[in-house]
């Protein structure tokens with residue numbers, strides 16, 4: 001049973017009438033451009049064919065009822081006429097409440113809604129299940145009430161909800177790609193202007209995501225430390241963000257910087273340049289160059305930004321040994337565990353899967369999870 005059929009059936013059973021709309025918003029994987037988003041830089045993600053799906057209908061009052069199919073059909077209910085506050089027990093409900101609350105601040109011309117939510121974006125894998133949920137809820141209200149909001153505004157609203165209501169720091173990339181993703185394309189995003197450019201993906205290439213299943217423990221504290229180090233670097237150059245520093249300017253004075261800060265800055269500057277070049281390589285179908293850029297990105301994250309772990313490095317090495325210069329592989333996401341992403345000719349996927357199955361657990365004691373994805377369409381009706 002598809003997520004659409006599942007949520008429609010649950011909706012009819014729970015609320016006693018049929019849903020009028022079904023909306024989806026996808027998760028994402030970032031192909032290249034790591035930790036560049038909060039430095040006003042470039043990222044190159046694609047939406048994937050794992051998504052949050054919501055069957056829904058407008059109400060003629062100001063009540064919101066939400067059922068979470070993936071959390072034992074827990075039900076949350078709140079009113080648009082009262083101040084929206086955090087739910088005491090259901091963390092999932094706070095993503096919904098946050099999106100609705102921040103949408104009220106942008107455009108208060110919507111009424112109540114009934115929703116049933118389900119999704120298959122793996123949670124805790126760094127594939128943006130939370131952004132997918134935020135964008136899906138925003139799109140529900142936009143579609144049901146014909147709100148004059150575009151995808152970028154729905155994305156910004158989701159980011160605000162996560163930062164201010166849920167209380168989790170995040171850049172804008174995850175929500176933007178979920179809202180604006182394009183089938184068979186990646187999206188080059190300028191995180192300063194929020195300008196986007198669709199980049200066609202070569203035919204016959206699979207997007208493979210492998211979860212190391214190494215439990216991320218340092219990610220929060222270390223993430224904040226990296227942000228502070230980048231801000232220190234930008235201040236040294238008297239610029240608003242590292243986006244505004246050239247590699248030549250950096251090389252001329254790198255010896256004057258704190259050595260750790262210098263390494264962090266070098267990663268951001270080189271990663272930004274790699275990301276822009278990667279978009280061109282992809283568009284030209286140059287998988288060999290894309291693979292080189294992904295390898296350089298991984299080495300930079302490992303040696304300069306220091307956010308990889310041995311388990312992730314092992315996974316990357318296993319995959320690279322199989323694909324050689326026919327594709328690319330690197331860690332993706334915040335670091336300290338999580339996933340790797342690989343661009344692999346479809347005919348090599350079975351060999352990669354076999355090599356990883358034979359070697360990764362033997363070397364690390366952890367079993368991986370393997371996902372083969374397609375670059376998919378952003379949020380909308382399904």
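Including glycine, each Cβ sits where the backbone N, Cα and C put it.
When 223, 360, 371 are compared with the substrate site residues 34, 35, 36, 37 in Swiss-Prot, the one appearing in that site is 223. When secondary structure is read from DSSP and collapsed to three states, residue 37 (substrate binding site) falls in the helix class. Sequence-distant neighbours of residue 130 (ATP binding site) (same chain, 6+ residues apart, CB-CB distance under 8 A): 95, 162, 166, 168, 174. For the recorded ATP site, residues 124, 125, 126, 127, 128, 129, 130 set the reference point as the centre of their Cβ atoms, and the other residues of that chain within 8 Å of it by Cβ are 27, 121, 122, 123. What surrounds the substrate site, by Cβ distance within 8 Å of the Cβ centroid and not counting 34, 35, 36, 37, 223, is the set 33, 38, 39, 43, 171, 226, 268, 334 from the same chain.
Counted over all residue pairs in 34, 35, 36, 37, 223, the record's binders of substrate, the longest Cα to Cα distance measures 13 angstrom.
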